[in-house]
Amino acid sequence: MHNAESILGSSGTYGYEKCESYFLFQGEMALGNGLRAFLYLLGLAYCFFGLSAITARFFRSMENVVKQTRKVVEIDHNTNTEVIRHEKVWNYAIADITLLAFGTSFPQISLATIDAIRNLGQIYAGGLGPGTLVGSAAFDLFPIHAVCVVVPKAGELKKISDIGVWLVELFWSFWAYIWLYIILEVWTPNVVTLWEALITVLQFGLLLIHTYAQDKRWPYLSLPLARTERPEDWVPVEASLDKLDNNDYSEILQLSEEDNIVDIFSIHSEKETGPLYQPVSNSDVAESSNMNFHNKSVLQDFNVFTVWKHQFMDAVMLENPESRKLDNTYLRLARGTWQVILAPWRVLFAFVPPCHIAHGWIAFICSLIFISGIAYIVTKLTDMISCVTAFTALASGTSWPDLVASKIAAERQTTADSAIANITCSNSVNIYIGIGIPWLIDTTYNFIAYREPLRIENADGLSFSLLIFFLTSIGCISVLVLRRLTIGAELGGPRIWAWITSVYFMSLWIVFVVLSSLKVSDII
């Protein structure tokens, strides 16, 4: 079982003079603690590189999922012809919660669920404790905001387009931790009942319904706040073309331009310049479909395997056109060495299918599997570091995908909606799903087998951690509002003010960490 305090970053140390655990081989225990800690830290850093790379692939696959459309055929009664239009399948606000926030929180959810299944039959809950989830929330709120605020180019402003949706997401994020306090400190101290676990999980559905109602401005369920419409595209076409690396898209773009095919993978290209509504007669539609179906299928299969082959070729290449342009031998050597170091990750992630297959769903699922696997290794390494050096991990490796995904969203999207929604909604997902599902599994089993609730051993100190979290959160949200009122955006702006804001957010995180650690150590 993992040491929860070292996984998600509250505090927790080992007091053994000799660590009796090992990561891969029992012979590791013969090495000195200093050497073991150094090797584990190197492994941890290497895993962070891998998490960053696969999270970027996850984000690209999500772009293709979100841009998916469905064909709607209507009859124009004036001309008696068919009018074909394409509607977005995904609502962007819901996509930010169910795909982005849920996806980046998937490591916590999967690890906690697996641990709950292994814990069946135990009276006491295992896995991640309430205090560690508060530590994870602090990491999501402060360091990730600190990174996102400086990501836009100097002077570029990125603001939340729908303040109402953000306020709804923010409410459910804070309510999640208030609810955690109520069930563990007020209603049934240190105990979780079956009904409490069930209500916890159901609140994720309420979050989705409330967010959708706010986005659609349903009467009585939405805040009467004005909004600026989000762009038509979840990620602008310019960003997609400029910032995607070659191993996914170069040959697709080349083949599509040469063959005049803009819909190779059944995804409606955003480069189309034609009208959204196009009258097409029945005969024209049938004739067009019959003529192009076979050729289009052949091109699709050809391009899929071509791009996939290109991924593996690019993964083993130590030099690219950019590195060949470098005149400095030492820089070329350094770049080549870096490519060698990253080559195992590049080859491994080349097995993820191209993002254009099946609207990106296959790449999306494969990326989540890789993210969870690497996150599991990160938690094991974190445990080993804590074991051999009494080191407290202040930031969880399983929260690293949250940081990378929000950073990419802040870079590539024209608004701040997804970047900030991922921060606030990840905290909600961690409670409603990440801890709710494991609790529901264990409480259901205990209720059927023993007629007993689930007991929580490590709920002590939750009140203090929540108090510090809420106080520092007020400082964080207040600065976001102040930036909106003064410079007109939550992210970006003049470089000096962006860096000042970033340092301020990191300071809030340090305050939370120091005070929580002092409380756990019984110093305060």
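Even glycines carry a Cβ here, placed using N, Cα and C.
TrEMBL lists 40-211 (among others) with the feature domain 'Sodium/calcium exchanger membrane region'.
Annotation comment: TrEMBL describes 360-516 (among others) as domain 'Sodium/calcium exchanger membrane region'.
Look at TrEMBL and you will find 37-59 (among others) tagged as transmembrane segment.
Within its own chain, the transmembrane segment (163-182) has Cβ neighbours under 8 Å at 93, 97, 130, 133-134, 137, 200, 203, 206-207, 210-211, 214-215, 217, 222-223, 225, 227, 417, 420-421, 424-425, 427-428, 430-432, 435, 462-463, 466, 469-470, 473, 477, counting only residues six or more beyond its boundaries. Annotation comment: TrEMBL describes 163-182 (among others) as transmembrane segment.
Residues or ranges marked as transmembrane segment by TrEMBL: 194-213 (among others).
Residues annotated as transmembrane segment in TrEMBL: 358-378 (among others).
Beyond the transmembrane segment (461-481), the same-chain residues lying 6 or more positions past its ends with a Cβ under 8 Å from any Cβ of the stretch are 10, 130-131, 134-135, 137-138, 141-142, 145, 170, 174, 177-178, 180-181, 184-185, 420, 490, 501, 504-505, 508-509, 511-512, 515-516, 519-520. Feature annotation from TrEMBL assigns transmembrane segment to 461-481 (among others).
Marked as transmembrane segment by TrEMBL: 496-518 (among others).
Take the transmembrane segment (358-378) and the stretches 37-59, 194-213, 496-518: counting Cβ pairs under 8 Å, 37-59 has the most.
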